[in-house]
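A.B. asks: I have a structure here, written as structure tokens, and I will follow up with some questions on it.
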Amino acid sequence: MFNEKDQLAVDTLRALSIDTIEKANSGHPGLPMGAAPMAYTLWTRHLNFNPQSKDYFNRDRFVLSAGHGSALLYSLLHVSGSLELEELKQFRQWGSKTPGHPEYRHTDGVEVTTGPLGQGFAMSVGLALAEDHLAGKFNKEGYNVVDHYTYVLASDGDLMEGISHEAASFAGHNKLSKLVVLYDSNDISLDGELNKAFSENTKARFEAYGWNYLLVKDGNDLEEIDKAITTAKSQEGPTIIEVKTTIGFGSPNKAGTNGVHGAPLGEVERKLTFENYGLDPEKRFNVSEEVYEIFQNTMLKRANEDESQWNSLLEKYAETYPELAEEFKLAISGKLPKNYKDELPRFELGHNGASRADSGTVIQAISKTVPSFFGGSADLAGSNKSNVNDATDYSSETPEGKNVWFGVREFAMGAAVNGMAAHGGLHPYGATFFVFSDYLKPALRLSSIMGLNATFIFTHDSIAVGEDGPTHEPIEQLAGLRAIPNMNVIRPADGNETRVAWEVALESESTPTSLVLTRQNLPVLDVPEDVVEEGVRKGAYTVYGSEETPEFLLLASGSEVSLAVEAAKDLEKQGKSVRVVSMPNWNAFEQQSEEYKESVIPSSVTKRVAIEMASPLGWHKYVGTAGKVIAIDGFGASAPGDLVVEKYGFTKENILNQVMSL
């Protein structure tokens with residue numbers, strides 16, 4: 001039963017959120033004031049999260065998908081002992097632990113970075129997917145070593161975003177029973193009344209996806225909220241609980257209006273609101289000891305007991321299933337097996353394969369040595385070569401399966417991969433055509449902001465796609481991805497560069513990787529293995545030509561590298577000194593020492609030509625004012641791939657002409 005102390009705690013969370021925003025003179029008080037009861041009920045009665053043991057693997061995950069309500073999350077983290085009160089006073093200030101929207105790895109207790117609406121919801125599907133897969137893989141009768149929930153607090157805006165439709169469809173199809181969404185249904189959006197833009201039947205929508213739907217008519221009724229969460233945890237399939245709330249609850253002049261969504265209440269309205277709560281408006285950032293004690297005696301006590309029981313269970317599990325236990329411990333550590341490279345292929349001279357196919361070969365090898373390797377494609381596995389051969393598909397019936405069928409849901413796939421990476425225990429990946437990377441670009445950006453070990457496979461990387469035409473031929477995508485900070489964008493030139501690219505992807509603990517791969521075949525370059533290994537890791541290196549300072553530099557990535565080598569050989573026949581540089585990863589190259597960069601691209605050599613079947617954006621930094629860029633300023637065309645490539649000037653003859661014109 002709930003009592004007056006519980007109501008005091010709820011109102012304290014509201015007041016803390018208000019004061020946090022007032023001091024910053026910036027923020028969104030409406031959601032915290034309306035949603036505090038459901039958050040309080042969840043945290044004190046259900047959530048297994050221990051601020052004193054934040055890395056406890058079997059903890060429940062809480063995601064504030066409506067990231068603009070961050071003041072509520074920070075207030076919860078404070079009263080539960082995870083965040084100092086001083087940090088609330090520094091909300092949205094330089095160097096604080098309380099940024100405007102929650103940030104993963106910045107504030108303890110934040111599971112994923114949220115703010116762009118819909119993505120938190122979709123990443124939560126990834127969190128629940130990770131739990132389901134790991135449970136299916138490691139749990140044995142009497143030993144549920146993976147057994148936790150993912151709880152989401154979502155807003156109207158989250159459910160309007162297209163990604164929520166993709167993610168909800170996927171979650172329902174896969175019966176992710178450990179996913180519970182609390183929907184803060186307050187009928188107000190930033191611009192005004194919600195019914196001006198949003199009138200769908202939430203119950204019908206989610207039941208059509210295969211979700212359970214529950215309704216709490218009064219968002220201040222702690223008992224009803226508690227009952228709904230309890231019911232949700234006992235049902236098969238994901239559950240959404242629509243909780244009807246009043247935005248800005250307690251504010252006499254702003255409650256129920258968009259005026260309280262994204263602006264401080266102001267001093268006068270704050271005073272009136274505190275009086276409505278029965279709190280002293282003269283006291284700021286005030287938390288009574290009895291509120292702290294509530295969290296100590298409920299949430300923290302429960303979490304400590306849960307972790308203690310889990311540790312004991314894990315010890316017994318290790319005795320009964322020693323090999324599985326070792327694999328589990330390695331998985332949750334995030335580390336790779338020491339022998340993970342043992343099965344990786346070496347591609348010999350004379351091998352001629354598309355980098356997507358060579359990547360597929362690498363994937364088969366990784367799956368044998370990295371048990372935590374898990375992912376799939378957005379309905380293009382046959383083209384992306386991304387499935388693990390002879391492996392079981394992931395499904396609600398076979399959650400231990402390795403191949404995920406994401407369906408044509410690119411954005412949700414990207415967010416789900418991020419969620420899986422943030423969850424831990426997996427090295428996740430997702431795959432689609434490169435031109436469709438635009439569909440999941442915001443997820444790539446969040447992956448980079450969070451610094452996740454996530455891999456994105458993008459195949460069919462250029463106009464060489466051919467017949468499908470300009471809608472399916474990437475042009476501006478490469479420059480767009482390279483512009484994302486903290487993103488490894490690797491476009492390998494052959495099978496061996498592809499192998500090392502995968503090594504980089506798996507080993508990059510705080511940088512996501514985009515692998516950009518060809519449809520067409522590429523010859524293996526005549527470069528020693530150790531040179532390829534070091535060169536790809538450093539982002540650029542010499543693959544052909546003069547070790548001395550050359551007269552000409554040919555710079556390229558991916559499929560154009562072998563073309564540059566052909567041109568270089570002809571130039572050498574004409575007595576010219578040429579060096580060909582493969583530049584698979586600009587991000588890595590820019591992190592190298594000036595000495596290394598100078599050794600690869602000598603500043604004294606001004607006669608430079610860059611060759612890439614994509615937008616020229618970015619290449620001028622490397623070719624300089626005296627150099628030239630053979631690239632594409634328009635869109636592609638529909639015709640056989642070889643003909644399209646020729647028509648756009650990616651021929652040995654054109655390269656020679658451009659070089660000789662310098």
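Just so you know, glycine gets a Cβ as well, placed from its N, Cα and C.
Residues or ranges marked as active site, proton donor by Swiss-Prot on the basis of similarity to another entry: Glu410. Summarising the annotation, Swiss-Prot assigns substrate binding site to His28, His261, Arg356, Ser383, His460, Asp468, Arg519 and lists similarity to another entry as the type of evidence. Positions annotated as thiamine diphosphate binding site by Swiss-Prot, on the basis of similarity to another entry: His68, Gly115, Pro116, Leu117, Gly157, Asn186, His261, Phe436. If you look up Swiss-Prot, you'll see His28, His261 marked as site 'Important for catalytic activity'.
Surface or core, plus neighbours and distances: that's what I need for these features.
C.D. replies: Mapped onto three states, the DSSP output places Glu410 (active site, proton donor) in helix.
In three-state terms derived from DSSP, His28 (substrate binding site) belongs to neither a helical nor a strand segment and is classed as coil. Contacts of His28 (substrate binding site) defined by a Cβ separation under 8 A and a same-chain sequence distance of 6+ are given as Ile21, His68, Gly69, Ser70, Ala71, His261, Gly262, in order along the sequence.
Secondary structure at Leu117 (thiamine diphosphate binding site), as computed by DSSP, is coil. In sequence order, Ser65, Ala66, Gly67, Ser155, Gly157, Asp158, Met160, Glu161 constitute the residues six or more apart from Leu117 (thiamine diphosphate binding site) in its chain with CB-CB distances below 8 Å.
Counting every protein chain shown, the Cβ of His261 (substrate binding site) has 21 other Cβ atoms within 10 Å.
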A.B. asks: If one measures from the C-alpha of Ser383 (substrate binding site) to the C-alpha of Phe436 (thiamine diphosphate binding site), what distance in angstrom results, rounded to a whole number?
C.D. replies: 13
A.B. asks: Measure from the Cα of Gly115 (thiamine diphosphate binding site) to the Cα of every one of the recorded positions Arg356, Glu410, Arg519, then give the nearest.
C.D. replies: Glu410
A.B. asks: Taking the residues His28, His261, Arg356, Ser383, His460, Asp468, Arg519, which the record names as binding substrate, find the longest CA to CA distance and state it in Å to the nearest whole number.
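C.D. replies: Of all Cα pairs among the recorded substrate binders, the widest measures 49 Å.
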A.B. asks: When you put Glu410 (active site, proton donor) at the centre and draw a 10 Å sphere around its Cα, which of the binding-site residues Asn186, Phe436, His460, Asp468, Arg519 have their Cα inside it?
C.D. replies: Phe436
A.B. asks: Suppose we draw a 10 Å sphere around the Cβ of His68 (thiamine diphosphate binding site). How many other Cβ atoms does it contain, all chains included?
C.D. replies: 23
A.B. asks: List nothing but the one residue from Arg356, His460, Arg519 whose Cβ has the fewest other Cβ atoms within 10 Å; the candidates are the binding-site residues.
C.D. replies: Arg519
A.B. asks: Let me make sure I understand the structure: which of the binding-site residues listed (Asn186, Ser383) has the fewest other Cβ atoms within 10 A of its Cβ?
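C.D. replies: Selected from the binding-site residues Asn186, Ser383 on minimum Cβ neighbours within 10 Å: Ser383.
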A.B. asks: Translate the DSSP assignment of His68 (thiamine diphosphate binding site) into the three-state scheme.
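C.D. replies: The residue in question, His68 (thiamine diphosphate binding site), is helix (DSSP, three-state).
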